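Enquirer: So Swiss-Prot lists these for the protein:
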MOD_RES   SER13  phosphoserine
COMPBIAS  56-70  compositional bias 'Polar residues'
COMPBIAS  72-90  compositional bias 'Basic and acidic residues'
BINDING   ASP152, ASP326, ASP381  Mn(2+) 2 binding site
BINDING   ASP152, GLY153  Mn(2+) 1 binding site
MOD_RES   LYS210  N6-acetyllysine
Amino acid sequence: MDLFGDLPEPERSPRPAAGKEAQKGPLLFDDLPPASSTDSGSGGPLLFDDLPPASSGDSGSLATSISQMVKTEGKGAKRKTSEEEKNGSEELVEKKVCKASSVIFGLKGYVAERKGEREEMQDAHVILNDITEECRPPSSLITRVSYFAVFDGHGGIRASKFAAQNLHQNLIRKFPKGDVISVEKTVKRCLLDTFKHTDEEFLKQASSQKPAWKDGSTATCVLAVDNILYIANLGDSRAILCRYNEESQKHAALSLSKEHNPTQYEERMRIQKAGGNVRDGRVLGVLEVSRSIGDGQYKRCGVTSVPDIRRCQLTPNDRFILLACDGLFKVFTPEEAVNFILSCLEDEKIQTREGKSAADARYEAACNRLANKAVQRGSADNVTVMVVRIGH
């Protein structure tokens, strides 16, 4: 099964004049200079024929997070200047690169989490806006690396917490260094090795306990290498890209990830070939996902830690990335979630706190309001909403 494919890039049309800009709503990136188009080339053939065209709006995703975990937001990111620390706010800026007149779009993550009706928070998340220095990539090929991830634990908090604390560390250690012939192939191999190694580490630790841990976790990670997104996921947590279509003058929800559940044909066939079975839509009638980190008792039954990996070229029409676990999408469709966030970003009544830009305040409010609304709509699961702002 092909694990790596391109998400389609929309056809370019001239950016709208001032009149059209007004139809898109107020300017949300007033602290950012306008970006020029990225030179992305013609691209290769579409390898995933199940992906919707960029203009379609089918896709969604929910993110989850652990309250007990040591927060890693911004950990590993470049240190702020004394002035930024004083203001308590880090401006999102574009990283301009002197090659092919390209512009690296700035990325900044925001998150909100709610325990909901569950007894404990079993979700975890990681926001690393810039880990370029830690990855030490080939300077001539890569100028910016960012990492965002959500993990939805089940059977306990240990697998999701372990993945949140260790997956990006393993990724940094395995990230390509020195001479690289193909960045994309090398990054793909790096992600596959990282997931395999992290799962093996957790299973080794889990099996050494008495009694053995039975925790498991989904994983949805977005690795940004310059303006290319690499999305790796296990299970039913999802990543969604909000992209503006200039022809229709509407925003679309583009799915960046693929859900893994035992009822899907390929997943069920793999489980059955390994000696397992699917009952009531679950592995052995118990486990709801067919790929995960942990879940040692199900790994011999065909459950795997091999992620689906997809690639997406960022464009000037991209607004934000939504990462979330199924707690959100039990009560929100992807389109509803994207439109809810957009309405918050256009709300001029949102108060700007001291030390924060208007854009920061709106994105934080969007995360909090969406998480609250999911709980109000009756989501019985933990709810975590992560939104990654794309600077223009």
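Placed from the backbone N, Cα and C atoms, the Cβ positions cover glycine too.
Note that the structure is a prediction, hence the values are computed from the model and not measured.
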Enquirer: Quick one: what's DSSP say for ASP326 (Mn(2+) 2 binding site), helix, strand or coil?
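Expert: It is helical.
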Enquirer: Please work out the number of neighbouring Cβ atoms within 10 Å of the Cβ of the residue listed as 'N6-acetyllysine', leaving out its own Cβ.
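Expert: Other Cβ atoms within 10 Å of the residue listed as 'N6-acetyllysine': 5.
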Enquirer: Just the number: how many Å between the Cα atoms of ASP152 (Mn(2+) 2 binding site) and LYS210 (N6-acetyllysine)?
Expert: 24
Enquirer: ASP152 (Mn(2+) 2 binding site) has how many other Cβ neighbours within 10 Å of its own Cβ?
Expert: 33
Enquirer: Rounded to a whole number, how many Å is the Cα of GLY153 (Mn(2+) 1 binding site) away from the Cα of ASP326 (Mn(2+) 2 binding site)?
Expert: 11
Enquirer: Could you tell me which three-state DSSP class ASP152 (Mn(2+) 2 binding site) falls into?
Expert: strand
